[in-house]
Amino acid sequence: MHKLMDLVCEKGLSEGINGLEIIEQNARGQSHERSSLIQKCPYAGLENVLFVQGSGPHVLQYNSQPDQSVKEIVVSRKCAESVLRGAQVYVPGVLACSSHVEKGDKVAVSVAVEQPVKDGGWAVGITRGTVLQGLQADAHYEERKGLYIGQGIAAMSRSGIFRVLHGIAVEMTERVYKLPSFNDVLEGEIFLQNLPSVVAACVLDPQPGERILDMCAAPGGKTTAIAILMRDKGEVVALDRSHNKVMDILKLASEMDLNCIKAYKLDALKSVSKTDEATIVGMADSHCEAIKTLANDSDPCPVTVDGKATNVVEDSSTTTVVQSEQPFLIEDKNQESKRYVSKAELRKNLRRMKNGPGRSNYSGGRVEKSKGFLPNSFDRVLLDAPCSALGLRPRLFAGEETLVSLKTHARYQRKMFDQAVKLVRPGGVIVYSTCTINPGENEALVRYALGTYKFLSLASQHPKVGGPGIVGSCELFNKTYTEEWLTEHEAELVQRFDPSSPVDTIGFFIAKFSVGEKED
């Protein structure tokens with residue numbers, strides 16, 4: 001905490017936020033000077049958590065130089081949401097820019113929010129690279145002014161912004177909401193995260209030596225929190241179906257110097273392996289060599305290709321791949337079956353691996369793929385499910401969500417939960433969480449879980465920061481569908497974080513299940 005405060009003062013990260021003294025708690029656990037920038041977390045069980053206090057909204061003048069045209073930049077909604085939380089403007093988030101913007105120029109930053117279009121969809125109405133004139137006669141000028149989020153100094157010229165793929169485009173100096181930027185600050189020692197996300201990892205209560213599964217792990221905040229709570233002893237398996245996101249998880253684990261994390265590219269809906277499926281566990285080029293591997297579950301296993309060692313990930317079957325001028329003959333020794341695979345496909349995969357990023361926009365590097373995991377092979381499972389994200393703050397746009405789409409999210413989450421139930425061992429734990437306030441994706445999922453799997457029961461949670469869940473039910477779709485929620489007793493066992501509650505967080509939901517003896 002002292003190290004962070006020293007850096008905040010040294011680098012001027014406070015950006016004019018008052019009250020830089022460090023907060024200490026008295027014997028009664030009460031803190032003073034609540035306006036301070038950095039505070040110790042007041043909740044028991046979260047001693048390694050610090051709170052960063054911001055301020056706002058602040059009134060800013062859109063045109064600080066009335067005698068000149070405004071030099072401005074319009075950013076995407078997602079970029080703007082990050083800026084409102086303290087981030088700088090990065091190159092991928094810039095949609096449009098005034099002409100003749102040079103490095104060091106002061107620019108006004110506005111956000112393009114999706115608007116309804118004629119075909120019934122939503123669009124921003126701005127093509128990336130559009131030139132802004134900064135005149136009141138311009139189309140959307142008043143709209144941009146109304147969605148103004150601050151000012152900054154251009155970190156590169158206009159041509160540079162639309163030429164490169166990465167980097168800071170604008171360093172924010174004045175913000176509607178003032179929060180310090182922690183870019184490159186104490187890298188590997190701190191990780192910015194919403195309070196409920198930290199609570200979810202603690203509620204899982206991982207123990208050293210256990211095998212833990214994080215089913216939808218990107219960007220890796222909960223994964224690393226779990227590994228730290230385990231003191232880096234045991235195994236944390238992190239999954240995501242995106243190559244780039246898996247790379248982000250591995251990068252964060254490396255920065256945090258955590259060795260127990262293994263990240264794989266895998267769709268969470270396919271987490272349970274098909275044990276009777278023979279799979280290829282190696283790739284070879286045009287030389288006639290044999291590749292023999294013995295894979296154990298989904299652990300990386302060493303393979304020699306043309307005398308060079310590499311790693312691959314496979315399931316528990318033993319497979320021999322023999323290369324010849326004919327298509328590959330693959331023998332599954334467990335199943336005593338044979339099938340043929342084209343050698344051209346393996347060559348293409350090898351070229352793709354050597355050549356790096358292509359049309360798929362891979363960020364480079366190589367990630368391990370998994371065919372899934374054996375049932376009952378994990379002590380604890382965290383399912384932080386993809387959701388409607390109606391609890392995120394700030395959230396500048398949610399117009400695409402309808403009752404139908406919310407119901408679709410719920411069906412998707414149930415399928416993922418079914419996978420989680422199969423993967424956790426009897427006596428284990430499942431923690432389910434979302435960042436939405438929609439009860440159909442939260443309380444209704446709990447009702448489904450308890451009704452479908454009689455060996456599941458809700459467990460008490462520690463730390464307990466959020467409020468109770470929602471009790472009762474709701475009739476939807478002209479009373480043709482009833483969404484069942486929780487009983488009063490069940491509602492006290494879950495945690496619901498409501499943005500309107502005194503606990504100032506994003507909207508979030510956490511349910512913890514104990515797994516009893518499973519039925520055959």
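Cβ from N, Cα, C; glycine included.
Here is what TrEMBL records for this protein:
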ACT_SITE  CYS435  active site, nucleophile
BINDING   CYS216, ALA217, ALA218, PRO219, GLY220, GLY221, LYS222, ASP240, ASP267, ASP384  S-adenosyl-L-methionine binding site
DOMAIN    120-516  domain 'SAM-dependent MTase RsmB/NOP-type'
* To do: State the Cα to Cα distance, in Å, between GLY220 (S-adenosyl-L-methionine binding site) and the residue listed as 'active site, nucleophile', rounded to an integer.
  => 15
* Structure fact -> For the domain 'SAM-dependent MTase RsmB/NOP-type' (120-516), the averaged pLDDT of the predicted model is 81
* Site of maximum Cβ density within 10 Å, from recorded positions CYS216, ALA218, CYS435 -> CYS435
* Asked: What residues, ordered by sequence, lie under 8 A Cβ-to-Cβ from LYS222 (S-adenosyl-L-methionine binding site) and sit at least six positions away in the same chain?
  -> SER197, ALA200, ALA201, ASP214, LEU382, ASP384
* To do: Compute the C-alpha separation of ALA218 (S-adenosyl-L-methionine binding site) from the residue listed as 'active site, nucleophile', stating it in Å without decimals.
  => 14
* Cα-to-Cα gap, the residue listed as 'active site, nucleophile' vs CYS216 (S-adenosyl-L-methionine binding site), nearest whole Å -> 13
* Asked: What count of other C-beta atoms do you get within 10 angstroms of the C-beta of GLY220 (S-adenosyl-L-methionine binding site), across all chains shown?
  -> 26
* **Pairwise Cα distance maximum in Å, S-adenosyl-L-methionine-binding residues per record: CYS216, ALA217, ALA218, PRO219, GLY220, GLY221, LYS222, ASP240, ASP267, ASP384** => 19
